[in-house]
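This report refers to the structure that appears directly beneath it.
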Amino acid sequence: MYSIKCDDNKAMPRERLMRLGAESLSNQELLAILLRTGNKEKHVLELSSYLLSHLDSLADFKKMSLQELQHLAGIGKVKAIEIKAMIELVSRILATDKTLTDSVLTSVQVAEKMMAALGDKKQEHLVVLYLDNQNRIFEEKTIFIGTVRRSLAEPREILYYACKNMATSLIVIHNHPSGNIEPSSNDYCFTEKIKRSCEDLGIICLDHIIVSYKDYYSFREKSTLF
């Protein structure tokens, strides 16, 4: 369980943040600022302490759905939405800051970024990283989000943005919501198809990576397709 210490003698979190800076606040205090108010049974600091005590780590917030958040005592629809919005914004800030201007060196670096971004998604997402002639990522594009009737994407959707932005190479990534990273026969067929289509246009397909929350599969590292 997440260990929480509650100190009734502390000043209110907003005042402490103004005086000491956000980095000086505890997780309990930062969450209390987001919640703003408590409920009939608990002061806002007690409520934030209660919520954190039900988590093994802060990362559990990212994995929880709106419905799961609302089931926690004192969390209504509005507060649950605000927490999810905050978590998503932080994820996007970290993803942008970490990789958009970096040169790609290994499949591991790409996989680690995309495991954090896609590992907890309940639907299949296909994302493409487009690179320039200096191997720098200049665009990250979500090509599609899977539905019951559709799996993965057509090469033309991926290559449209490559041609539009004069990409030299690209990396394809998609997640397996089941957590099983082993490629299916459809994954192999798709990889062959997109690699061949890229070659026809003089674009290099550097890799196709499948990710889950904790692991990844790189076709470049583990298959004979590259």
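Yeah, the Cβs are placed from backbone N, Cα and C, and that goes for glycine too.
A quick note: this is a predicted structure, and the numbers were derived from the prediction, not measured.
Record features, source Swiss-Prot:
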DOMAIN    103-225  domain 'MPN'
MOTIF     174-187  motif 'JAMM motif'
BINDING   H174, H176, D187  Zn(2+) binding site
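Packing against the motif 'JAMM motif' (174-187) from elsewhere in the chain are residues 114, 118-119, 121-127, 151-152, 208-217, 219, 223: each is 6 or more residues past its ends and has a CB under 8 Å from a CB in it.
Look at D187 (Zn(2+) binding site): DSSP puts it in a helix. Confidence in the domain 'MPN' (103-225), given as mean pLDDT, stands at 90.
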